[in-house]
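The block underneath contains the structure these notes are about, expressed in structure tokens.
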2 protein chains.
Amino acid sequence: MDEFSFIQSIKQQTYHQTSLVKGIGDDAAVFRFSNEDIVTAVDTFVDGIHFSKATMDPYYIGYRALAANLSDLAAMGANPAFYLVSIVIPENWLMEEITAIFNGMKELATTYNTDIIGGDTVSGKELCLSITVIGYTKKGMARYRSDARPGDIMFVTGNVGDSQAGFHILTEEAEASYRNSDYFIKRHIMPSPRVEFAQGLSGISRVALNDISDGIASEANEIAEASHVTIYIDDSMVPVSSTYEQFPYELQHKWKYYGGEDFELIGTVSEDNWEEIMQIATNLNLKVTKIGYVDTDKRAGVYLNRNNKIEKILKKGYNHLR
Amino acid sequence: MDEFSFIQSIKQQTYHQTSLVKGIGDDAAVFRFSNEDIVTAVDTFVDGIHFSKATMDPYYIGYRALAANLSDLAAMGANPAFYLVSIVIPENWLMEEITAIFNGMKELATTYNTDIIGGDTVSGKELCLSITVIGYTKKGMARYRSDARPGDIMFVTGNVGDSQAGFHILTEEAEASYRNSDYFIKRHIMPSPRVEFAQGLSGISRVALNDISDGIASEANEIAEASHVTIYIDDSMVPVSSTYEQFPYELQHKWKYYGGEDFELIGTVSEDNWEEIMQIATNLNLKVTKIGYVDTDKRAGVYLNRNNKIEKILKKGYNHLR
């Protein structure tokens, strides 16, 4: 059983709580109290798998972990409000390092007026950080992967591939030989969750959103599946940073589509709203790029036009348990 | 730095979110939307520290972990609604065992109409289960440790010490030599969170509540500290099961006050409400026992009358990081 089938196996077919709007199956769950939809998600980071002290200071381990969680809230169009942190601390970590992890989270949290309201601290053999985030939207305004419609424009915020390029530089110990290495490393260790952009969309009635944790291929496929549509992406339109081309072409391609951890947002919106999206992005000084379009589900899945050849691209993100 | 000072060090002095009612410092956090107070907590369980396959089937590992979390909600007077499960899975655990953990949680969750709405599944070196629970109360009706007042009666639900007695039987491999060993083992592997009792108290305006995860000594001290009162407990009134006396006296004493994991509720209430509490307990067929009383903070802390000697009892629950 792989990770995805396992999650399917534990997903309830029916729910008892009438306040539930969305259970397992999107970036976060949503439940409703009065006029507010409350959005919550949990993400876990394990030493040696999601991070390593060898390549990242504890401060950034915390910063990046919370960024990944806030990115889930952004992908739901939610305003972040609270977080809870559960941490397993092994003997070979110093208390200063643990404090640094929390300081990293705190710096990012403060930017978004997000409060730490609980957690658990236990001992164990390997460092493991589990963050629960809670946010909210106005009733009915959460953004789902299932909201893409034929005719929509597919867009992405920022650039993609940078985070993996930064990780490559950190792990290959080849920092000196790349231009702009500080930029790429920063994109890896201090990703920017696109909270303001997601909040800016609140006037648009329908937007499908997903955040790039596993790579465009995986995220676009999740939208295609959940919305029962076909998505076409044009490789020449996928935005990369100005010095991204210095890396070997095959790595560029791999990082863009299968690398992930950019924590940019990928989404679809009606053509009628495209100008408004561009305006929101301009106001935030954020690049938003059209990279493709949505068609009916007659072919199903995600297709990439690369050098005038159409290839089907599949989910290939990191799959635990396999 | 021990666990408690560490938690103090990460606690925010001020909060940004005006919807926050209670941050770090009780069994769970509370925030308010309209007329509902939403209550949330997270608890983490690590293989070899909180449980072991050697003494407990995976099904009960799941059951007990969720019970501990629902007990936190009960201690807040909250109705359970949702849970999210983050699990770190090492290679030496079979998928059948993981599925059994989730089935154990599901059985208990179904009893309380509680839905699993999210989680994370990652690989790692040691099994680690992190559960976030979400519940709710009517506005202003969450139960805090800080609500004990001089003159209150201190009470406890059920019996205490049973869970540690069960653990003793399981780990000493001496099952055959004790009477009622099945009862004690069941109390350890399938504890009953006192959700219905906590819900039953909803008509009483003020109740201080805490759940027994670390032992009466620790929980009563938390109430005394948070409420700035002195608490007197009479050892002869602390309820134990009918065959509890078969264990060595020193173990009985240790398990009652410092053992914990009974997941009973300990609390205080005005004498005026005592009869109502007894009636609620009778209706639920649950034993609730007066074990002491609350005085002003002139001595501070918790005092135990044992064999007509008064001794001060301190927090001595399991302290991670020390």
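Glycine is no exception: its Cβ is also placed from the backbone N, Cα and C atoms.
TrEMBL annotations: computationally assigned, not manually curated.
Summary of the site annotation: TrEMBL records Mg(2+) 3 binding at B:ASP72, B:ASP211. Screening the candidates B:ASP26, B:ASP27, B:ASP115 against this entry identifies B:ASP27 as the one listed for that site. Each residue in B:ASP26, B:ALA28, B:ALA41, B:SER71, B:LEU73, B:ALA74, B:ALA75, B:MET76, B:ASN210, B:SER213 lies on the same chain as B:ASP27, B:ASP72, B:ASP211 and has a C-beta within 8 Å of the C-beta centroid of that Mg(2+) 3 site, without being one of the site residues. It is B:GLU261 that, of the binding-site residues B:ASP120, B:GLU261, has its Cβ surrounded by the most other Cβ atoms within 10 Å. With a cut-off of 8 Å between CB atoms and residues at least 6 apart in sequence, the same chain places B:LEU84, B:VAL85, B:SER86, B:ILE87 near B:GLY119 (ATP binding site), listed in sequence order. Cβ neighbour density within 10 Å is lowest for B:ASP214 among the binding-site residues B:ASP43, B:ASP214.
B:ASP43 (Mg(2+) 2 binding site) falls within a strand when secondary structure is assigned with DSSP. When the CA atoms are compared, the binding-site residues lying within 10 A of B:ASP214 (Mg(2+) 5 binding site) are B:GLU261, out of the candidates B:ASP43, B:ASP72, B:ARG145, B:GLU261.
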